[in-house]
Structure formats: C-alpha cells, structure tokens
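Asker: Right, I'll just put the structure down here and ask away after.
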Amino acid sequence: MKGYTSSALLLGPVLLSQLALAQQAPSGVVQWNIQKRPVPNVAPNRLLRRAGSTYQEILQNEQARGGYFATCEMGTPGQKVTLQLDTGSSDVWVPDSTASVCSQGACDLGSFDPTSSKTYTVVGRGEFDISYVDGSSSKGDYFTDVFKIGGATVTNLTMGLGAKTDIAYGLVGVGYANNEAIVGNAQSLNAQYPNLPVTMVDDGLINTIAYSLWLNDLDSSEGHILFGGIDTKKYKGDLTRIKIYPSSNGYYFSFIVALTSLQAISPSGNDTLTSEEFPIPVVLDSGTTLSYLPQDLVEQVWQEVGADYSSRLQLALIPCSKKTSKGYLSFQFAGPDGPRINVRMDELVLDLTSGNPPKYTSGPNKGQDICEFGIQNSTSAPYLLGDTFLRSAYVVYDLVNNEIALAETDFNSTQSNIVAFASMSAPIPSATQAPNQAAVTNRPAVTSPAFSASSGFSSNGGEDENASPGMPSAFGVAQMSVMGVSMVFAMIGSGIFALF
C-alpha cells in the first residue's frame, strides 16, 4: 500500500475441503500477458484468443502505482476496470462508481456501477470490509456477477464492491480462499466462498487451482500470469518444487516458503550472508513492490551493494549508477539442494521519484542521482519477497498440493510452450521436488566476513566512521540533503492487510 514500509498479514486457516469443491474440468489454461504502457494512460483491453482453451490479455505494469494491473470486465453489459493482480490476497474487489474517491476523479483505472448490470446480485450486504496496514480501507457489499479475464468468462464470481473506500483502484486477489476478507472478519470457516482460482476450475476453464507467474525484467513491456499451466519457454534450467508452510494452526493462508541462504556474488568474490532468522519465512507476493528481509540480514545486503539507510525518508537509498554493477544476489530456498534465484542489480535499483531524480548534495556520491534500493528492512516475520525478487523468478503457485515451483526467469523470451496441469491435484508439470527439505532447519555457514570488500560490489564510501561495526550508517542532515523529492514509491502490496 502507498508509502508504507511494513506489513501485517491477515491470518486465517484454509479448509482443505474447499479445494475439493472445484471439480475436475477439461484440459485448459487461461493466460494474461503483461504489457507496460505509459502512466496515466490506460490502454484499451485487447483480447487475443489462442489455440484450444488458452487465453491471453494485455496488462499494464504501472510503475507509478507499484504493481501489475489487468484490464477486466464486470457485469452485463461488461464494464471495463483495471485491477491490480495480487498473490497476497484472495478477493476480487472494485471501487463503487459512487464512492467519494471516485467522485473526486481519482478512479482513473475504472470503477463499477452496479445499477447498470443486469446480472448484479448482492450476496453479503455490508460484509466486505478490508483494512490495510497504512490505515486505508474499503468497505461495502459482496456481490456476484459476470467477470471476464483474458477472453474467458467466469459466470458467477463473488466479488467485493468498495462503496466506502479511500483506495482508487481494486484488486484481483488470487491467494488461498481462506485468506478472504470475509473469513478474517467473521472468524468463521463457513464464511469462505469460491474465489477466482476456484471458480475458474468450477467453470471448466482450468483443471486445478494453480497458476504460474512471469513478470519479466523491470524494463520489459510484456509478461504473463498463466492460470492452470506453465510455460516451459519462460524459465532457464530446472523447475524445482518446494513446500509451502502452513500457519501455526496447520492451515494454509499465504505463500510462505523457506529462504535458507543468501549470497552476494560478483566477479571478484562471493560472500555468504547470515541471519539469526534463518531459515527465514518469506511470502512470495506480487502485490508488494519491494522486498522486505530481517534487519540483521538486510544491513549486510546494504553494505555489500553500497546502499545506505535514510532516517529522514525511512528508506535504503543507493546511487542510480549502481544499476550497472556486475554483482548480484543469490537467493536459495528449501535447504542446500533447493532452487537458487539470482537477482541482478539492475532489478534492484529503482527510481525514487516520478520526475527528475534528486541528487546527493554532499559526501563521496555528491552530484550523483539517488535511487531507491529494492530490498528494505522489516522487524518481524513473515517477510516479503515482492516484485523486485519475483521479476527474476519463474514462479508456479499450486494451491492444491501446497507447493511452489521456482526457476530462474528467461528474460524477454519470445517463445512459448504452454503445458496444462493434467487434472485436479496433479503435480506441477516438468518440475522435480527439491531433495532434503528437512535441512531448512540448518543455518548457512558464513564463508567470508559479511561486510568483506571482496564481494566486488563497489562501496559508496558514505559510511559513518562512528557507526557500530556491521551497521550501515543512516544519512543525516549533515551528510545528505535530498532535494526535489515529491513522491517516494516504497509500496507494500495491496493484498497484505491487517484486520483491525
């Protein structure tokens, strides 16, 4: 959510019986393609039907809003709305056209007029109520109506209508059904309803409750989310399955996996970083712009890459020139034999403002442009791996077998080979299971000093001589003045929310 740098998860168990509600359907997948277009222009929906039952839809990568957005249709006749795609939440919801935020002209991505739809039916009056950690919220009714994605039609989807909302756009939440807002509010398992992925199975669009995500690189114009299948031409190397971890009560509500090591690698050397938190529970969340890791680990990351923390902005900042660094960070999951995902610096150095970048006014980086670093600090679990990580990974979310499959993304791939899941509860196609996942309880050994200059990431040289060892210096007024900062895009995903 806008301008926020920490988060809390709405906890809620997942009924395994909910998964059984989705009946086996004929083989098929539904695909959304992602395309970046200039903001604020919202391009018209372009629907392209592929052979068989594979569909794709053009989406926008809205960098200013910090997420990936799909232009969909709701109601009869269809009303076009552009919604944020979010693996961290589970409801589809849209602002009501009469909401005050829309009346003020802020809903440029679209809103929904229920009085104009012949198929609109209220099913939960006043029961849609979601509050986010930055204080924003959306409240209104649950309703059912026609919902169209990628040329495919879901005939009777339950959605939320934000009649009282200070959020100017809605979401397409595709998480576990029991992470729905109504379940958390009611604290009742019976409040759960078939959300979008489940309803897609019910309607015969896909075979199982699963999808894969390919966001492509930061500057790319296209990517996709593929429901019900994988694309073997969108990743490199092996696709490896790892387990999703349940909540403390044994139910699944979020895509939590075990991060078991992190290395800083460059042509001049490798450093293995350490943390008291290993193995670290991390949520793979497309609705979060940045990534958030434990304080002790992220301090080492900042030191390796030449970033420093600004106490004034409460952000880790980095010279924009670091985009060209040859170093990268290597994330490993599910133990010493689990999958590795390498994230380059050009995926981690982000524009700080929408206009001309501010500049360092003093210190060794004086005159250089200031950017935001894509990995920030958090003080408590579960931690988040957002878009700054996910762009470098091909990720398959299997909500039936409670598994994630990971491989390194093949950036800007122009080829496609789509393979559908064979049936309900079928394993992820072309993926092998990570061996020795029991080893996630072991912390990685430190192979070199965490702050060694041998990593090859050139330091910005701005550290405070009086700072404690291992602590990145916070920029003070005497060290730096950030001029012309009109907006800071440090956005937490819309789907990570707290129940108040």
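Each residue, glycine too, has its Cβ placed from N, Cα and C.
Here's the feature list from TrEMBL:
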type     : residues      : note
SIGNAL   : 1-22          : signal peptide
DOMAIN   : 68-407        : domain 'Peptidase A1'
ACT_SITE : ASP86         : active site
ACT_SITE : ASP285        : active site
DISULFID : CYS320-CYS371 : disulfide bond
TRANSMEM : 477-499       : transmembrane segment
Asker: By a simple count, how many Cβ atoms lie within 10 Å of the Cβ of CYS320 (disulfide bond), its own Cβ left out?
Answerer: 19
Asker: Which is it, of ASP86, ASP285, CYS371: the one of these recorded positions whose Cβ has the most other Cβ atoms within 10 Å?
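Answerer: Buried the deepest by this measure is ASP285.
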Asker: Mean pLDDT for the domain 'Peptidase A1' (68-407), as a whole number?
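Answerer: PLDDT averaged over the stretch: 93.
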Asker: Spatially, which candidate from the recorded positions ASP86, CYS320, CYS371 is nearest to ASP285 (active site), comparing Cα atoms?
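Answerer: For ASP285 (active site), the closest Cα among ASP86, CYS320, CYS371 is found at ASP86.
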